[in-house]
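Data first, discussion second: the structure below is written as structure tokens.
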Amino acid sequence: MAAIRKKLVIVGDGACGKTCLLIVFSKDQFPEVYVPTVFENYIADIEVDGKQVELALWDTAGQEDYDRLRPLSYPDTDVILMCFSIDSPDSLENIPEKWTPEVKHFCPNVPIILVGNKKDLRNDEHTRRELAKMKQEPVKPEEGRDMANRINAFGYLECSAKTKEGVREVFEMATRAGLQVRKNKKRRGCPLL
């Protein structure tokens, strides 16, 4: 029997950890060098609740230069991973300011998983010192949960691509969200533009 196919699109600020999360999940390796993404696609197989699912992972550019290009990724999306970085309170602020309006415009009714990336940096001394200089601190778990409720996300998870903590759980939750949608409505995902 062929695997069920689901399309996952990941969005969030530039350098918030989107590509690392996808590569660690799909290839089990952590990229040490940061190269800004324009568009990348990965395929990964996952088994959830006894179902084989083939996930098409669509990586997107967070940089503003690509705001007009990014919507090309959205048609037929089954689930959105909306990311921020735990070491960047500004990236969390952009969730309701930028990412939620964009996603809800192009993908109404598509479930959103809010993901706090770079969890390993929450207690990192250097990170805390740098943020303190700007009178900031790492994002707290409850701030992430509150934001997930505020944007009506399907769920909220935190992970670290570097240590791999929580990575699999993110994609399991995303797959479940994508599968649930199929049961609830016949027309799937984002409409064509």
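Backbone N, Cα and C atoms are what each Cβ position is placed from, and that goes for glycine too.
Looking at 34-42, 52-60, 151-159, 169-177, the range tied to motif 'Effector region' in Swiss-Prot is 34-42. Remote same-chain residues near the motif 'Effector region' (34-42) are listed as 14-15, 18-19, 22-23, 26-27, 56-61, 63, 66, 69, 72-73 (criterion: CB distance under 8 Å, separation of at least six residues from the stretch ends). According to DSSP, A15 (GTP binding site) is assigned to coil rather than to any helix or strand. Here the motif 'Effector region' (34-42) returns a mean pLDDT of 87 for the predicted model.
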